[in-house]
Amino acid sequence: MSRTLMWSNIIALAIVITVNILSNTIPINNQTAGEISDRLNVLFTPAGFVFSIWSLIYLLLIIWVFRQFIARPADEEAYANIGWWFVISCFFNVSWLLLFHYEFFLLTMVAMVGLLISLIAIYRMIKKTPHTTFFMRLPFSIYLGWISVATIVNVGVVFNSLGFEEGLILPGEIWTILLIVVALGLGLWFTWYNTDPFYALVLVWAFFGIGVERQAEYPLIAITAWIAAAILAVFALTFFLRPRKIYSR
């Protein structure tokens, strides 16, 4: 793996974190992401505290990029296989932030899908490299889990920005419940197929936050979200009871 790529990964992540901080401290276009989100009122959006998961994601990614310099042979091979995909993911992350703050909501969908595809590519590259360490995949289990949730929210952002706040054909409440069920199915499948309970736990966190956010005004959404969280949590627990099974494929 070239030093150019190593340092590019570090610089790209530094840019992502810097733009993320500035987007909420300046803030970009004089509005925070939370203010925009509140205005759009996408029912699938979790409570604000759930977004603290970004701190964990960025911490894990910081460790991940610096581990390049001390990687074991198998991990070094995985870094090489990933190539420029991490830099590409950072490009889409920053692009999404800027597009969202300047309210180019249709284009945010392009950036979000680009980020999702980049993370799937990284995850697959790590998975197909034999004998990688546990920590090689962990940051992307959590990152991909969160972006899976964010992609669903982003679809809601686009629809609401186009004037479909009350739902399209079905009421917004019913759409949200259906999306929770679909996300639950995705979480169960992904966790089973990749023996990855950490992905499931991210969805558990998101479902819990959706329930907290909607319990007063939309109790049916809250109940559905909490049931989904409980199902996924129990499923994830079965892997922790047999630790050798985690990341076994």
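Cβ from N, Cα, C; glycine included.
Keep in mind that this is a model prediction, so the values were computed, not measured.
Database features, via TrEMBL:
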- 47-66: transmembrane segment (TRANSMEM)
- 78-98: transmembrane segment (TRANSMEM)
- 104-126: transmembrane segment (TRANSMEM)
- 138-162: transmembrane segment (TRANSMEM)
- 168-190: transmembrane segment (TRANSMEM)
- 197-212: transmembrane segment (TRANSMEM)
- 218-241: transmembrane segment (TRANSMEM)
Check your understanding: So which of 78-98, 104-126, 138-162, 168-190, 197-212 has the most C-beta pairs under 8 Å when paired with the transmembrane segment (218-241)?
Key -> 197-212
**Study point:** Non-local residues, at least 6 beyond the ends, that sit with Cβ under 8 Å of the transmembrane segment (138-162)
**Key:** 37, 40-46, 53-54, 56-57, 60-61, 63-64, 100, 103, 105-106, 108-109, 112-113, 115-116, 119-120, 122-123, 126, 168, 179, 183, 186, 190, 196, 198-203, 206
Point to revise | Stretch of maximal Cβ-Cβ contact with the transmembrane segment (78-98) [cut-off: under 8 Å; candidates 47-66, 104-126, 168-190] | key: 104-126
Review point. Do any residues of this chain, six or more beyond the ends of the transmembrane segment (168-190), have a C-beta under 8 angstroms from a C-beta of it, and if so which?
Key: 43-44, 148-149, 152, 156, 159, 196, 199-200, 203, 206-207, 210, 214, 218, 220-221, 224-225, 228, 231-232, 235
Check your understanding: For the transmembrane segment (47-66), what are the same-chain contacts with Cβ under 8 Å, counting residues 6+ beyond its ends?
Key -> 6, 9-10, 13, 16-17, 20, 34, 86, 135-136, 138-139, 142-143, 146, 202, 205-206, 208-210, 212-213
